[in-house]
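Written out below as structure tokens is the structure these notes cover.
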């Protein structure tokens, strides 16, 4: 068992390896209106009760502690699907009133987004990420088990038009399903000014069917894109970001340099094969108020029970600091590589953690 956080560990959310968490990922709900194959079962998942999930006032208080006392500088709202929460706009508005300069972004599947973009922007949302794995209706429906592609595309366009940019798109490639679509998806994104990020499938599916063999790796993604594009490393500093970014140029046939102008950027998030644990600066709070220092942690620390028992902000801050001090060196274990023989997949799926 790792040693407890020493008294002289300093302020903020620091772990025993010297990393400082400044990026807060907060899940608003475990509920979702899609059933993506790499995240959720087709049927039968039991949602948390309303009482088990943090209320709006509890969310606002926890964020206030993170920002005001513990050095949180960025907030991302996640789910589940945050748009299914009826008080989402009110939550964002209150967070914005309390923290006028805080970047507040949100990850969404985009279903119903077009109708909610204007109030979200007015409330103070800064930026948005939308999950989009395919532009083909049949493939999209196969992956998400719901026929909502048109709604998602409308939401992406509405977010861009409302100024919630840069709009980022997240795509998970599945072998034999949508991997061949990678070049056309990138072409579509850069043409419209969106930043596409390809994400290696992680072992966070509810069915526990993930295998390293079936995953499309970052190296394979680069190879798929190289048929149509030339990728060169983005000169901007990565600064702890999960995505390795590349400038995108169209591959030009014939003599000469063989490069066209820069069309945009693409990101590749290689959590499995090229992990970035040593630079991680994230702290995660689940919808029921539990601290997870890593997506793959099997250990959780309950803030909500403490909060509801009358704990002070100082008490909650100390509990949060103690939890983050125990953050493992890599991937929820003290080794690098999710395909290591002793890796144990967390019980929670991505929807129950918050992406």
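Note: Cβ is positioned from N, Cα and C throughout, glycine not excepted.
Per Swiss-Prot, the features are:
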DOMAIN    16-242  domain 'Radical SAM core'
BINDING   25, 76, 107, 168, 282, 283, 284  GTP binding site
BINDING   32, 36, 39  [4Fe-4S] cluster 1 binding site
BINDING   38, 80, 131, 202  S-adenosyl-L-methionine binding site
BINDING   277, 280, 294  [4Fe-4S] cluster 2 binding site
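Taking the features listed in Swiss-Prot, we show where each one sits on the structure.
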residue: 25; record: GTP binding site; Cβ within 10 Å: 22
residue: 32; record: [4Fe-4S] cluster 1 binding site; Cβ within 10 Å: 25
residue: 36; record: [4Fe-4S] cluster 1 binding site; Cβ within 10 Å: 21
residue: 38; record: S-adenosyl-L-methionine binding site; Cβ within 10 Å: 24
residue: 76; record: GTP binding site; Cβ within 10 Å: 22
residue: 80; record: S-adenosyl-L-methionine binding site; Cβ within 10 Å: 28
residue: 168; record: GTP binding site; Cβ within 10 Å: 20
residue: 202; record: S-adenosyl-L-methionine binding site; Cβ within 10 Å: 21
residue: 283; record: GTP binding site; Cβ within 10 Å: 25
residue: 284; record: GTP binding site; Cβ within 10 Å: 23
- Message: According to DSSP, does residue 294 ([4Fe-4S] cluster 2 binding site) sit in a helix, a strand, or coil?
- Response: coil
- Note on the structure: All chains considered, the count of other Cβ atoms within 10 Å of the Cβ of residue 131 (S-adenosyl-L-methionine binding site) is 22
- Item | All-chain count of other Cβ atoms within 10 Å of residue 282 (GTP binding site) | 21
- Packing count at residue 277 ([4Fe-4S] cluster 2 binding site) (other Cβ atoms within 10 Å of its Cβ): 18
- Query: Which state, by DSSP, holds residue 277 ([4Fe-4S] cluster 2 binding site): helix, strand or coil?
  - Reply: helix
- Task: Quick one: pull the CA-CA distance for residue 284 (GTP binding site) versus residue 32 ([4Fe-4S] cluster 1 binding site), whole Å only.
- Result: 19
- Item | Per-residue Cβ crowding (10 Å cut-off), top of binding-site residues 39, 280, 294 | 39
- Task: Tell me the Cβ neighbour count for residue 107 (GTP binding site), meaning other Cβ atoms within 10 Å of its Cβ, over all protein chains shown.
- Result: 20
- Note on the structure: For residue 25 (GTP binding site), the closest of the binding-site residues by C-alpha position, picking from 36, 39, 80, is 80
- Message: Check the DSSP secondary structure of residue 76 (GTP binding site), expressed as helix, strand or coil.
- Response: strand
